[in-house]
Amino acid sequence: MKTDILIIGGGGAAARAAIECRDKNVIIAVKGLFGKSGCTVMAEGGYNAVFNPKDSFKKHFYDTVKGGGFINNPKLVEILVKNAPKELLNLERFGALFDRTEDGFIAQRPFGGQSFNRTCYCGDRTGHEIMRGLMEYISKFERIKILEEVMAIKLIVKDNRCYGAIFLDLKTGNIFPIFAKATILATGGAGQLYPITSNPIQKTGDGFAIAYNEGAELIDMEMVQFHPTGMVGTGILVTEAVRGEGGILYNKYKERFMVRYDKERMELSTRDVVARAIYKEIQEGRGVNGGVYLDVSHLPNEVIEKKLETMLKQFLRVGIDIRKEPMIVSPTAHHFMGGLKINERCETNIIGLFACGEVTGGVHGANRLGGNALADTQVFGAIAGKSAKEFVENHDFNNIDAEEDVAKILEEINSLKGDLNVYNLIEDLRKVMWDYVSIIRNEDGLKKALEKIDEIERNIDNVKVNGIIDLQNYFELKNMVVVAKLVTKSALYRKESRGAHYREDFPETKEEWRGNIIIKGKKMWFEKLDYSVFQNFLE
């Protein structure tokens, strides 16, 4: 199978990239079902964009880098804030509908860490509406083909040039290559590394791992965001829109505890601060049933029914009417700020390999602001598509083949004759990550985590594979181990606390650590960021 452009992923970034290169032959290869898997369709809160004349790009830029602990890539942040409004209007052109004010302007709500109400929304199902519009528009173009239920297990890279990827067909178990002149990774994050996550089952870090295995540079992998509010036990997201509309957090003593952690911003502090606050309340015995209360019962019923409709239905399914009683919430693994290192054209250090969305690092720094992720998918999805389209104008397949790569994979599969249950190993890995590499970290725990991850890795070859599901779990476990090591080693390397990365043995934020940890192969290094690079964009 050959194509001009191969897009791996099925969320908002992948869809927007496909639209941008719609006049080329495009294959969107999706691990799940297009539009029904991935994180975009599940995103509830909103899309940040500057529309109000009293707001500004500088304010959005500053909020983003301040929230990100001043280790964001300032060039990428500038691109994000300046292009977000245009891409939101493109979404409306594609068919998505955003809520409007009575005067006809795009409605905007407050979100955490922002100095202005700039989060555009469609009730509390914004991501679903965005995907609906993107899919509707994509359906008009015959040159965009969609291949569902296929998992990328290896990139085809020769002499640092990417020529596509090798896939596992999740319906048949077949292994097959797709050759492409340009490849775009839009595979999202790795929330499934943790037992409590807002992410869907597809998010096992595949893009991080298959790119790293071929020599891609990754950045900020220690920065994993835990959304402050997930449903207790399941981790299912309770959108930030709940707090944006006036939701109040309090503990079992009915104390509004955020006053102890951020007296000024309270419930609308940045996600890292709120998540640690909730975690601390629970750990110190002030929680309730493993969480804390989040209450909107003081809001008018019509506000809840219109602006928090999804949340109302979500909790009614478990017997809780949020119009009358509080929710119980706790932190849930949510977003990877780190990922593939890209430039302003969404190029990686591998020629012909582009990346966009959550699989990339640099945009959000040490902590992502709510509402910036959906904007990220559209802004950088468009850029990745444009860059890939320009690349294929001057590059061909170069008579490449993947017979040897496919043969090695088949040999690897045939050698799996052990007796260990692969899913049990996945569960073991998740427990290790939650216990030692989650909201609060320390050196002893991180070192213990590495030992346990190494032990799990040694056992991978001893698993039994009985059918396609086991085979999928096997490749996912391999990827998850790679990503777990990247996160843990980076967290051990950064001897400070910044954003989502909190070291209780190094609780202070240190100026000498204002910069980025980069990993390529067995090498890891630190690149300092001078504060002046941010000042240049704020003048």
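Every residue gets a Cβ built from N, Cα and C, even glycine.
Within 10 Å of the C-beta atom of H227 (active site) sit 25 other C-beta atoms, taking all shown protein chains into account. A strand conformation is recorded for H227 (active site) in the three-state DSSP classification. The annotation active site is assigned in Swiss-Prot to H227 (among others) on the grounds of similarity to another entry.
If you look up Swiss-Prot, you'll see R243 (among others) marked as active site, on the strength of similarity to another entry. Taking Cβ-Cβ distances under 8 Å and a sequence gap of 6 or more within the same chain, the neighbours of R243 (active site) are G112, T229, L249, E267, L268, L294.
Annotated FAD binding site per Swiss-Prot: 6-20, in sequence order. With a 10 A radius on its CB, R16 (FAD binding site) counts 31 other CB atoms from all the protein chains.
The Cβ of I8 (FAD binding site) has A14, A29, A152, A165, T183, I184, L185, A186, T187, G207 as same-chain neighbours under 8 Å, each 6 or more residues away in sequence. Following the DSSP three-state reduction, the secondary structure of A14 (FAD binding site) is helix. Looking at E20 (FAD binding site) and H227 (active site), their Cα atoms lie 31 Å from each other. Neighbour list (A18 (FAD binding site), Cβ cut-off 8 Å, at least 6 residues apart, same chain): I7, V26, I28, I138, I144, G385. Secondary structure from DSSP puts L6 (FAD binding site) in a beta strand.
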